Each structure stands twice: as structure tokens, then as C-alpha cells.
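See structure below.
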Amino acid sequence: MPLGLFSSGKAQVLCDEKIPGGKKKEPKQLSENKCKGVTLKLDHTRVTIEKQIAEGGFAIVYVASDRKNNKFALKRQFTKDNEKQLEACCREHSFLKQCIGHKNIVEFVDSYTNCLGNGIWECMLLTEYHQKNVLQLMNERISQNQYLTNDEILSIFTDLCEAVSFIHNRPQPIIHRDLKVENVLISSHKPPHYVLCDFGSATTQILSVEKYGVEYVKSEVERNTTMCYRSPEMIDFYSGLEIGLKSDIWALGVLLYRLCFFCVPFEESPLAIQSVNYQFPSVPNIPDEIKVLIYMLLDIDVNRRPSIYQTSVLAFEANHRKPLSEEIQNKKCTDAVPSLKSCIQLMRDGSNPRNKRDSSPRNPEAPPIQSSSKMASLSQQVPSISNISMPSGSGTVETSVAPRLRPKATTVVPNVPSISPVPPVGLPHLRLPSKGSTDETDGSQVRKVPIDFHHRQSFSGEEQLKPAAEADSAGPLSCPLIKPTDLGFTDLDKPALPRDRAQTDGKRRLPHESDIIFQQQHRRNVSDTSQISRSAFKPYSSQQTTSKTSSQVVRSVEDMSQRQNGGSGEWNPFLVAPFSNNSISRKDGQESAFMMDDSHFGMVFDEIRRKEIPAELDSETSSIDSRDPFGAAPFDQLTVSTSSSAQPVSLPPATDEDDERQLLSETDEEEKYEIDEKEEIQTKKDETINEEDSEIDEQRMNDRRRYSYENIDGVGDDASSDSRGKTDRDDSEEEEDDDSRRGGDTSHDEDSQNTVGSEDGEGGSRPLLEDDGLEDDDDHELISSFSSSSTNYPPLFIGTSTPHTQNPITNPFLRDELTPKMIITAPLPTAKNNLDDDWDLGDRWTDRRDTVFERPASEHQNVFAPATLPRQATPLVCRFKPDLPTAAPVSIIPSMSNTSFPEAVRDSDTVPCEPIIGTLISVGAPTDPPPPPLPKKPTEASPTQETTATIPVALGKKEKLLKKEKKKEKKDGKKDKLKLEEYREKGSSEPETDGSEAEIWTNDGATTFSNKKKKKSTFGLRSSHPSIVANDLQFSSPMPPVVKKSSKDKKSSLTGKNASFVNTSFQPEDHDDPTDL
């Protein structure tokens, strides 16, 4: 049973499968798959869509068939509220109806236009169907690595010429505006016909900016044309040219180029289009008969571009057959058709390049648009008719115009355009009066002179374009200059009129009046390389030549007087500038009445010689360098004096003017000395300010430290003794020992400098520890104050009895009676042969501090780390903490410091290594290094027996000491508890700390501590860094091993909640006795 049950007998798709690539362009427009099998009714025909074959910017083309199975091409499109597009559809239908019967234009079959409501219109056009097109043919040849043959190229092009000739010769000419290979179809005849289609962009309207405006013309061009096929007048809307039939001729040239070389000549570049910048590739080998067609069609000049009739004649001549079209045969054309051979010769000679507009008159129907300023410039005229040579024979029109001349009341200078590749032509209707006399120059008196064709119009394998003006070997800018007197400079003392345009001197050729009009148009797109390539660089390329011949030029009155006097000084335009009547120039004691105006200044300024400064210079003649063009410029005297730094040039004998300059230079030198003194004073002030700033920064640093420490229960320098809790060391013997060793207090400033900024070789410039409350940027603030001294370094240890501490102690940390006392130590011995390399802490610290500071030039190694705790002026040695031992300690290892050890330990015979936790040490004042262990007397016992005998003795001593310390700790805990209760009974608001100097903060903001007594550390001072251990603090009795604290005991006694520690890195430290308050 067939599937076509519903309508036309064709297979119906019963599912909504979506084929990739189907697009929905407009409302109610169906996809490719849905449109298949759809039957549409036009005005006279009913067709069924079979498949989609093409899709354009506005419509989709389908293959449709009627009941007799005849194939048609159906162009269908929808528009919504777009009147322009709807009108374009109706025009296309109308144009194709007019072309019915032409073999090279697609045949019209039927059309349909319907309003679907809501502003939606459906437009359908039914034409004959051609299965192939030229683009497919080109793709096939590319796949076969082949090109089109010359016969195929000429056949396609001649058929297109017949089609375009038909539409151009209609009673109302039709402009296709979209000629391209995609719109050329191939019929199925033998031989095939090439058919033109797609008249959707066609129009009968000749666009003109003057008539329709720029915006309308621009929108029409962009909507209906393809970029790479656009003509130059479609690029430059301000050229004043019409966009009409000749735009199709240009598109035919681009189409022919693509047929030959499978590429477009200008790509998508408006610049290349506007400058007609293209070249012929060497492959494939295209004959000159086809190249000359491209050469003639791609002409920038609309009026010189051939018409469709001339193009058809040339094309059929190249194809060696006569035109078959009646329109071409019966065409009554008044234009002369050149022969193909003459065009080929013209192309080879290059005498009439096609990328330069000719002097042919413009279209009278649409004169070019000109701005008022440009039109006004046309009325300007040359100063003298004698300056223009107009030979009646074959000579060229030349003129010489002085640079930057202002038009005077009786002298008018024409606005001659800058030098460009535009061919020089005559001005047949331009009047050039001079001083009351008027002459007319006729076009017959002037012969056009071609210019070098410097663009990329190289015809591969052919003779290059030859310049016709090779005889003029001097160059366009090498003509002799005209003296100012010849130009009528008789009224230079009069106020000059404003000039219209700056001109540069050189050789000028007067172009045709029409070319002047064209060149003066406002080039909005500024994309014409012909206006850029030569005019921008020719003046500079010929500047050297002009300078060489400038010896014959009299540039100013000053120059003339110098030449007459035989002066060898270099002329300076600023010295003759109109600063004042008394300082212009003087000759024979008389003041000249010459007053140079701006135009004269501009002329002579361009002629400044640029030569090397002589080696022999005289500094006594003048402080102004005559070679410097700005040496005498009317600037401030201070600025003028700066030019005296350059070496002066020897000048002629001094005149009155030179005396004035000498006085000026002396005054400038005095002022310069005053300025130098002021600069020195200012430098001193700046240094003072910098010192004050450094003091302010130091004070700010101290304030930050004070603020940071005060927030952790008075650990800062300015913290009062009331803010510190009770310490865990109240031994009376140790208090007396501390009092005996403390001679006085140091001030806050000295203490802060000595504890933080002390410098002793390695130390001094190290910032505070990482967790003492300062940020990284504060550390950098400290650096600037610490690195001030480089030679004298104060001792690292501060003794209270030394001259360094003359003021009473104000540091609360030094006022603590239990704080260890510090004494100045003697310099350590330099011999460190018995030390291990791993314990060379000087190098370790150097590696760390060098990342921030530069090492002083002269310094000595110090084995002590320069870091101190906030309450400690004693240096600490950096060591890594070893892991806790699993067994009881056996012996002690003497460290690198000058620490006194028990005698039993000194007798130890172990190898030096890192101390083990739990080792009993006695930290005290630095003493001499421990002597090497004495050799033991040989005994009868074996080494194994000696070891076993020594270990029990050592273990027994250690156990006894540990027991004593535990008992003492219990007693101390009881005493501390009693003192704490007494302290609270007195009403003191300061709670006791646990020795860690860390403040407990509760949620309610109150600082409280647990009533439980924590175990105290046996070391009085511990570093905040785990690798730092107290080294040189001597206590009265040996200390037991450190007992680690657990943070679980630290809770708020009021709230019972876990407390957060502001600074948990501090280890237990000594606290003041509250009874001292």
C-alpha cells in the first residue's frame, strides 16, 4: 500500500525528525525536512517541494515539481514589517518578467505574494531549474587540481556580457548589483549556456549621495552588495561619484578575475579596492587577451571604465566570435571601441594606469559634492604667472611654490594638492591672473604626463609598467627654489592673513580642475593607498638633495646680510624672529625695519641645516649654541640657560647683539648658581624631613608593639608592672642575686632599641619574632632604622652596669626581680674547630636574614642569634628541638656556647651532638669554654664494664635530683596558691597568669584564669619559636626537665567555656610578685 494517502501521492513524513542543518529563518518558515512534500499554490501553478538546494540572506531555494514532474526552482521568503524587503521581492518578480525569453537570464515561471497577517508576507518566485552552477564547476576543478580552460572562461564571460547588456539596455536600465560566480547557473544544453540569476538586489535607481544622502546610500550598498565585488565608488561615498551601471562593470571584472585564478583580487579589503591594488598570479598562465579585459574593467575612474557595450565587444573579440545579441548588434553607441591589441599595448606600456583617475569630465547629472572650505580653496590662484611654465609642445606643467606662504591681499596662492600618484593634468578652465593680468590656459596646451605605477599591478611574466617621465632624473622635488623676492615678499612687515594650508617647497604639477575637485573631497574612509604611498615620504627622501642645493637660496634678510658681510656663522631662525624691534638684526648700527611674519618663519624653519657640531668650540663668545635652533627661542630665561650646557660654537666677532647675548648668558649663570644653592638647601630639608619621617616611623613601630603587647596582658615595653601576673620563681637567694646584678634601669627608647635593634655583626637587624604581634610590614619598618649604623655595633648583651644604661630602668621586664640579669660577654674565641657544622648557627641565621637585609660590608660571625623576647635582652641560640627521649638521659653534651656544666658532665666521654631533652644543665654567666675531657686512666676493667659501672651512678644522681625538684614544686605550688588567695583578698583586679604570658579571652570580654594551679616551667625564659632555647642565663640551682603543659586546663573560671588564646606561642615566663605592687 503506498504511503501517499493524503494529498499528492508523494511519500509523506509521519514523524517530526529534525535533520541537522535545518534552520528557521523567519516566523512560520518551515525547516528543510518539514517542507519536503509540501504542496504550494502560486498564481498559476501548483508545485510540491522536494528538497532544499540553497539558502541566501533573505530567502531559501527549493527544488519543486509540478504534476507533470517538471523541475522548478522555488524561491520562498517571509518578511515581517519590512517594506523594503517586500518591495525588493516585487521588483525581482517584475524584472524577471521583463527578461523572459533571454537565454542567459533565468526564465520566470510564476510568482506569488500573500499576506499572512500580523505584518507577515509570504513571497514565492518560481523559475526554471538548472542543476549545476559555476561555483560547483570551480569546486570540481579544484578537487581535480585543475583550472578552468580559456575557452570556458571566455564562454562564461561572454554569456554574462550578453545578460548584463540586455538588462542595461532596457528602456529603464536595470542594475543587478550582485554579479558573482554564485549567481551564474549552467544549463543542460550542449554546449551549455551560462545563465544569470538572483535579481533580488537589482534596482533601477542610480544612487547619489547628493540626492539621497550618505546614510541611505550606505545602507543600500551594504544590504544589496557583496564586499569583495564592490566598486571603489561604493567604498568612498564622499567621492561624489554615482553608483550606477558602471558598478556592474567593475563586478564583471572581479568575476572574470575569479574565474581565471579562483580567487578575488582584493579579498575583503576596502583599502585595496579603493587603491585598485591587485596583481596577476603566475599560475595559471592566462593570456593577455583575458588579462586586458580585467585591466580595462577594474578601472578606478568611472568615466574611463568601459560600458557594457565596449566590454562585450572586447570579450567577443577575445573569444574570436561576433556578438549574437541583438542588443549589442543594434546598439547605437557613440563611444569609440578600442581594439583589443591597442588595449594590450596600453596595459604593457602603463602609460595610462587604471588605478588613477583621468581628467575626463564628471557626470553632468550628478556633480561631485564639495565642502565649502574646499570650494573656497578653488578660488585661490598662483602669485605670478611667470612661475608657471606652460609649454605649448610636449613639456610638462611645472610650478614652484615657496613653503608655507600666506596668501596676501594682492597675491593669491592656489591650494595645490600634495604630491600623490594622481596623474598630473592641465587645468583647461582655471584662470590664473597675476597682478591685474589674466590669462587663460587651454587644455590643448598641456599634455598629460604619466607617473610611475608603483602599486602591485605586476603582470606575471610580462613587461613591467615603464615610467614615461624617466628623463626627469632629478626627481619631483629637486627643482631650484624660487627666491622670496620673486614671489613678491614686499609687504612682510604688514600683518599676514591667515593661511589656508601649509605647503612644502618642491616641484608641483597642476592637475586638471576635475582632479582638484576629486582630491579635495572629504575622504572619510582614509583607505586610499595611492594617497599615502608617495606623498608621505617624498619630501623626506629629497630633503638631503634640497639641503645640498640650498646654498643658492636666500632665506631671510638676516641671511642676506650675513652673506654680504662674509660671515661664516650658521643662520638661526629664532635670532631673527620678531621678539622685539631692537633685537631682530642690526646692520651698520642701524636697526632694520624687517619684521618676520609667521609664513616667513615657517619657510625658513624648514630649511634649518642639520650638521654636526664642530669639535673646536669657544665657550667665551656666547652661551647660546648657534647650531641649536631653539637656543634663542623666546622662552623663559631659565629655560634658555639650559641650552648653555651644550658646547657653544665659535661665532664671528661680537656685535652689539652678541654683547646682549653675553649679558644674558652671565645673568643666566648667576641665576643658575642661585638655583643650585636653593637646590642644596632643598636637599638638606628633604634629608631632615626623611630623618623626621624615620623617627616617626620608629615611634609608630613602638606604639604598635606597645598596643600589641598591652593586649596580651602587658607584655609590651610600656606595660605596667600591675598588668603582669605573679611569677613562679620567688626564691630569696635568686632575688638577692638578681638585685646584686642589676645596677639600674634603661629608658624605654634605649631598651626597645637594645632589645630589638641591637646590631652586633650578624644581629641587630633582625625583626621581632614571628608571633610577637607585629605584621610583616611592621618588620620592614624596623629595617630602615636598624640598618643605619654600619661600622660600630653595640654589644649584643646589655649589662645594667655599663655606660649603655645610664637612665633609670623603665622597662617593666627589667624591673622584675626574678628576671635574669645580663652582663657584657667577652668576644668568643674564633677557633671553632671542635664544633660540628650542623651547629654553625651564625650561618643558619645569615641565610635567613639575607632574604630581607643586605649583609653589612664589615661584620664578624656571631654564634648567638640576635633575636630576643619582648621581656628579654638576652640573645637566644637557634636550635631545633629534638624529639622527646623514650628512656632516661644518660649524659649531657657540651654546647657551642660558654655555658658552665657540672663536673660530672664534663667528664663525659661521649661524642658532641645535640642535647637531649631531660639533660640537666646549669645556665649561667658566660665563662671560658669547657676544657676538653681529661684522658681517663687505664684500668683492668674492660670497656664494657666501665660503661655499665658509669650508667647506674649517673642514673642514680638524676633520679635523686628529679625527686628533689618534684618536692620543691609541690612546696612552690602551695606557696603560690596562698599568695594568690591573699592577692585576691586585697581586691586586686589583676588576675594571676599561668606563666605563659598568654591572655585568656572569654565570650563576655573579661579576662579570667582558672583557679587550678598549673605546673610551672623550670626554665625562667623560653623562646616563642620551637627552635630557640635559652642559652646564657645562669640560675642558682640546676633545673629539672621541662614539663609540657596541656591546654585542656586553660578554661574560663567564670563561664566554664573553652578560652581562645591571643598569643599561644609564648612559653611560660616569670611574673612579678604581686607583693611588689
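Each Cβ is built from the backbone N, Cα and C atoms, and glycine gets one as well.
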Same ATP site per Swiss-Prot - residue from K36, K41, K75, K80 joining I53, A54, E55, G56, G57, F58, A59, I60, V61: K75
Rounded Cα-Cα span from G57 (ATP binding site) to D178 (active site, proton acceptor), Å: 13
Lowest local Cβ density (other Cβ within 10 Å) among binding-site residues: I53, A59, V61: I53
Neighbours of I53, A54, E55, G56, G57, F58, A59, I60, V61, K75 excl. site residues, C-beta within 8 Å of centre, ATP: R76, Q77
Fewest other Cβ within 10 angstroms of its own Cβ, chosen from the recorded positions E55, D178: E55
Residues in the compositional bias 'Basic and acidic residues' (970-989) grouped by DSSP into helix, strand and remaining coil: 16 helix, 0 strand, 4 coil
